[in-house]
Amino acid sequence: MSRPAKEISSAPITPRPASPNTTAGAGAPPVSCPPSQFHSPSLSRSPLLNGEGEEGGVKRPSKAPKTPVRTPRLSLTPRFITPLGSPVRKALRLTKLDPQDAWAWGVICLTLAFIWQLYTLWILVQLHESVENGVRYSRYLQLFGLTFGEKLTKLLALFPILYLSAGTCSTLIIIGGSTGRSFFELICGTECSRDLTTTEWYLAFTCVAVLLSQLPNMNSIAGVSLVGAITAVGYCTLIWVVSVTQGRLPMVSYDPVESGSQVQHMFSVLNALGIVAFAFRGHNLILEIQATMPSSEKHPSHIPMWKGVKVSYTTIAACLFPLAIGGYWAYGHLIPADGMLTALFMFHSQDVSKFILGLTSLFVIVNAVSSFQIYGMPMFDDLESQYTSRMKKPLPWWLRAIMRAVSGFLCFFIAVAIPFLSSLAGLIGGIALPVTFAYPCFMWLKIKKPKVFGPMWWLNWALGLLGMGLSAITVAAGVYVVVDTGVDVSFFNPK
């Protein structure tokens, strides 16, 4: 099998000597990462850098007609999807789609945000590799630095990415530790002689997460990521199916909750948009994931990568939208601040079997542990890059283990010190919003240079400026909500 005449080289950790069998010769393009990052083990390598390697409760009875009438099947929906789709159709059928209902606007905002972030994800997939100079950009910060320079990278991109990484990892510790305690109490019941405190559950979760964080890069955590994806689909599906099949709670209302002045209501809405933005975090990791795929001039990585993105985001939509629509239909204004899992335990712990509740909790815990590795990778990588840039030598394995352990336990300290971190999701989402919704648009304008006043020029300028504006107002709204509207502040008192 002949090799392509020209290959797009990845940004490897350690510069490799030219192989005598390589057809590109001595004029091969330089590697893309700066010298300070040559020895960072967090960077995912492409398996084919030099053309080598392999390709790698109680149910409510429903009224049905006595004599069923057969009708021709006109829908193209596969039959095996029907059992899963029927609870959502039930929710949509029983809920009037009144534009004045608060949840209708929520679904519209969620849909627009989903489409917007999918477009900016497409931009990053396309910008991952440069055919002109044969370079693959395997980090978000690296691509941002190429586009806008190192000073703007440190000013505009580094803080939001590290803030998002540490904030997400701390939130995962809170979720995983709290769910672990609920799971233990569910399984053990009243027979347990002594239960761990919430802080101790946070610590137990952190120890497991830190142990798994010793896997060096994106290639090595592929299996962990797969397990996390399967469990995410599992717990999302279980939560919304159980919630919808159990039916709406008595006295459920869908009227907008308007407390306080119009200004307070407006800031609450904007803070909710920040929470939606926080839900779509993770764009800064797409380049490292794509770097694990082989790429050449004939077979560029962006083609299979985009196919994978479409499949994965179809799955995400199949989990996210039923969870949002079915959950709000079932609980309405009664849904607790901690979310759907808490609502499931709060309202259906006596109606649903312990097996279902326990399986859902277990899925949440496993997903939180696996997600910790993915969202923590930018934090680990920055620390390791700082070492290699200053010391000018590879990072020893034992020092990498210590640095990652310190990072993990720092997130544990944040989780214990600020256990109400989930209440700050709107603020975190607002700060990190440009990373997902705005910066990719400006990168496209700077690198691809679309025709001035053309469709792509207008689209990216509009989305980029809108994203920056939304970031400013959602940050202001998040701060306002934290200061003025009653966040339950309980420093060093996790419950």
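Each residue, glycine too, has its Cβ placed from N, Cα and C.
No curator has checked TrEMBL annotations; they are predicted automatically.
Residues or ranges marked as compositional bias 'Polar residues' by TrEMBL: 34-47. The domain 'Amino acid transporter transmembrane' feature in TrEMBL is assigned to 103-477. Taken from TrEMBL, the feature region 'Disordered' covers 1-71. What TrEMBL records for 102-125, 155-175, 221-242, 262-280, 311-331, 355-376, 397-418, 424-445, 457-483 is transmembrane segment.
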Give the nonlocal contacts of the transmembrane segment (102-125) in its own chain as ranges (CB under 8 Å, at least six residues past its ends).
140, 143, 254-257, 272-273, 276-277, 280, 283, 286-287, 290, 302, 305-306, 309, 313, 317, 320-321, 324-325, 328-329, 436-437, 440-441, 443-444, 463
Give residue numbers and ranges for long-range contacts of the transmembrane segment (424-445): same chain, 6 or more residues beyond its ends, CB-CB under 8 A.
113, 116-117, 120-121, 123-124, 126-127, 140, 143-144, 147-148, 156-157, 160-161, 163-164, 167-168, 171, 270-284, 418, 456-457, 459-461, 463-468, 470-471, 473-475, 477-479, 481-482, 487
Most Cβ pairs under 8 Å to the transmembrane segment (457-483), of 221-242, 262-280, 355-376, 397-418, goes to 262-280
Spatial neighbours of the transmembrane segment (397-418) not adjacent in sequence (6+ beyond its ends, CB under 8 Å) are 41, 166, 169-171, 173-174, 177, 199, 202-203, 206, 209-210, 213-214, 216, 372, 376, 379-380, 383-384, 387, 424, 491-492, 494
State the non-local partners of the transmembrane segment (355-376) in its own chain: residues 6+ outside its ends, Cβ under 8 Å from one of its Cβ atoms.
164-165, 168-169, 172-173, 175-176, 179-180, 182-183, 186-187, 205, 208-209, 212-213, 215, 221, 224-225, 227-228, 231-232, 234-235, 238-239, 242, 281-282, 285, 341, 344-345, 349, 404, 407-408, 411
